[in-house]
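Each remark here refers to the structure printed beneath this line.
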Amino acid sequence: MEVVDPQQLGMFTEGELMSVGMDTFIHRIDSTEVIYQPRRKRAKLIGKYLMGDLLGEGSYGKVKEVLDSETLCRRAVKILKKKKLRRIPNGEANVKKEIQLLRRLRHKNVIQLVDVLYNEEKQKMYMVMEYCVCGMQEMLDSVPEKRFPVCQAHGYFCQLIDGLEYLHSQGIVHKDIKPGNLLLTTGGTLKISDLGVAEALHPFAADDTCRTSQGSPAFQPPEIANGLDTFSGFKVDIWSAGVTLYNITTGLYPFEGDNIYKLFENIGKGSYAIPGDCGPPLSDLLKGMLEYEPAKRFSIRQIRQHSWFRKKHPPAEAPVPIPPSPDTKDRWRSMTVVPYLEDLHGADEDEDLFDIEDDIIYTQDFTVPGQVPEEEASHNGQRRGLPKAVCMNGTEAAQLSTKSRAEGRAPNPARKACSASSKIRRLSACKQQ
């Protein structure tokens, strides 16, 4: 084909351009004929944790799935940006308080904090938690009735009371019990989460009196709706648990309003109706937990002794299953770290194939690490110290990083047969305790 000078094309009309061969290198194709290559998922490591896909996002930050490269346990990490926390009232204080509380709590029905990582340079905090497959609110939203069968609701409620009793025994008032803060594992274990607005009572406090509340409006008791200066913290949790039980068994809320002012007005009056299909035992329990006067409201001991709580409820309806993943529609909620794991395991070791967030990740503290002497050669063979940054567990980050890069360049065919977990650990520049 004859090559045409581009400067001469402006002298031709459209018809003349076609005659000189423009149609031979300008093609129009339908979008259905285009085959897009999927974007390669680059592996990203935060300390010893391999990052997966997004699980959810809230006002405080994002939650992603991660894999512990040492234990191969599935975890969830809450990623918090200090810049964003400053824009939220009491944001930083709530996060630090939640970390302090979770560090000393150990119960099967309370979410466990596994690790805390802090990135000084990017001003990011990573709260590594045990993995929960789904939230209770997500399960309720997945069915038209917006409720659980009585047998399933009873099982979840009993676990909620177990976890709540443990928190109260530790002198902690949750203040925000609701389905949105109750998570579930694949085995059906309920976990109380989000202790950001919780309050730890003084060890020598005479009672459970509280003065502040930041919980969700629909789950607040009349004493808070009416603006009382002080109130019983434990009875606030009992009320919120009662509203939660009402919601998961009926699909409704005892109090509603077009806006928060109308909602608080209705809560302050204390008038509500219980659907007739709840039955006398459940209705009596709800009335005891939603008692207007805090002094007359049920205690956890009274809830445990109630006939509806103690009764064994046979399954009359099919239980609400864990819904498919909202993004991938995966009904099994498979591990989202698998594509990243395959990338590390299947590809040659190259620095361009993975990302390490930083050479140094500070753990379990908000301060910069200490310094240790770096050896410097002298005339008599002895070495003197220069400062060298280290990880919180004493690992020399720069030395590990250099060693990792040197190993990656060394030709050794046997290394390709290593397991995925050992490869992740070798790529991680800074081991965590």
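Keep in mind that glycine also has a Cβ here, set from the backbone N, Cα and C atoms.
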Site-mate of Leu55, Gly56, Glu57, Gly58, Ser59, Tyr60, Gly61, Lys62, Val63 for ATP in Swiss-Prot, selected among Lys78, Lys82, Lys83: Lys78
Candidate set Thr13, Thr250, Thr363, residue annotated phosphothreonine in Swiss-Prot: Thr363
Record-annotated phosphoserine (source Swiss-Prot) among candidates Ser19, Ser232, Ser401: Ser401
Candidate annotated in Swiss-Prot as N6-acetyllysine, out of Lys124, Lys235, Lys388, Lys423: Lys423
Swiss-Prot annotation, N6-acetyllysine - which of Lys84, Lys108, Lys296: Lys296
Candidates Thr189, Lys296, Lys311 (modified residues) - the one closest to Thr336 (phosphothreonine) by CA: Thr189
Modified residues compared (Thr189, Thr336) - highest count of Cβ atoms within 10 Å: Thr336
Tertiary contacts of the region 'Disordered' (312-331) (same chain, 6+ residues out, Cβ under 8 Å): 53-54, 133-134, 138-140, 142-143, 148-152, 154, 184, 186
The one of Lys48, Lys97, Lys311 whose CB sees the fewest other CB atoms within 10 Å, among these modified residues: Lys311
